[in-house]
Amino acid sequence: MKIHEYQAKQIFADYEIPVSDEILCHSVKDVEKAAEKLGLPVVVKAQVLAGGRGKAGGVKLAKTKEELVNAANQILGMDIKGYTVEKVLTAKAISFTDEFYVGLTIDRNTKSVVFMASSEGGVEIEEVAKDNPDAIHKFVIDAEIGLMPFQARQIAFKLFDDIKLVRQGADLFEKLYRLFIDTDASLAEINPLVITAEGNLMALDGKMNFDDNALFRQPEVLEMREPTEDEKTEIEAKEKGLSFIKLDGNIGCMVNGAGLAMATMDIIKIYGGEPANFLDIGGSSNPQKVIDAMNLLLADKNVKAVMINIFGGITRCDDVAKGIISALEQMDVKIPIVVRLSGTNAAEGLEILKKTNLVTVASMGEAAEKAIEMAGQTV
Ligand code: GDP
Ligand code: MN
């Protein structure tokens, strides 16, 4: 789950990480009022759940009232990476002498939280990682002990020469680590962290993502949720007992079991296709689940073919086949479907499906090939 900059900075402020004075606004009028309160100059910043707003023109400094109105007019309603800007943050402009990047995330290789820090702040960190990876310092944090004060100072020494800033930095990093752990975050990023003209550290931007599986114990985080259209679908799916992630391809996948769902996406890719989703319908042959799953797939206009991939273990393939038939009887599906059944009672299942116009196959490879072929023929 993602949150907006203004929300991330509220969390930062709760943990006493310095942020600029700022007011969330929904209209040009709001922005004018906010600027009166804060005093010019201010920075007007698009609040969308996407990065790189600065580059896209979604962050503008306004020194005069005229500039302010122009900035607000330009940014409100603007499209950034497919998101329409509906609100902006009006923040007191800060003069600074230097920009840094600091961020915490979970590193799968070390199975730990890693602290990343770089003097190359302000710009997109993904570009620094690509062009100049040595400019990013990484510190692996022991999950049992957490971020030790000496480690926090080590990180700070990488960024700052001035001992006053090293102390401030170390203190700030410990706070950032604490809030990361407390909120079950998967990402907490400050970019840029600046040295203000007065010589203090301040978070000028904030980004946080959270572990969806921990939201049940994070009511305050959950309250900040503003799901995107794709996330809304995923949440709906979850409520129906399906685990669904939307992707960008054209082959809809319906699979029983998370591992098999991963393998299904892999095999589609190997044969040169693109999966439209990850979908695990779980270990039941309940026709309602098949209907719900099919509805999810069909709601995506990119889906040109469906690949149903079932491995019968405790779930019997003949039951699944009956489920599929009863589901399809209740709906009007126009796109081609290939079904691969394997495992318990696969032969019986395939026999049942022969009576339908579904394409049936016995191996995953065949299913993927067939799905790709059919998707290519569907308009
Ligand atoms: P992003 O492009 O989405 O990461 O948006 P940021 O909030 O990081 O803003 C982009 C850039 O705008 C920053 O790296 C700063 O250089 C600049 N910026 C943001 N806020 C201020 C501010 O208060 N004062 C000044 N002078 N520049 C700012
Ligand atoms: Mn930024």
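Cβ atoms are placed via backbone N, Cα and C, with glycine included.
Binding of ATP is attributed by TrEMBL to G52, R53, G54, I94, E99, and within the candidate set K45, K87 the record adds K45 to that site. Binding of substrate is annotated in TrEMBL for G313, I314, T315; the matching candidate from N250, N256, N277, N357 at the same site is N256. If you take the CA of E99 (ATP binding site) and look 10 A around it, the binding-site residues you hit from N191, N256, G313, I314, T315 are N191. Most other Cβ atoms within 10 A: among the binding-site residues E99, D205, that distinction falls to D205.
Contacts of G52 (ATP binding site) defined by a Cβ separation under 8 A and a same-chain sequence distance of 6+ are given as I80, K81, E124, in order along the sequence. Contact annotation for binding-site residues (I94, E99, T315) versus ligand 2: none, no CB falling under 6 Å from a ligand atom.
Sequence-distant contacts of I94 (ATP binding site), defined as residues of its own chain at least six apart whose C-beta falls under 8 angstroms from its C-beta, comprise S20, V43, V194, T196, A197, M202, L204.
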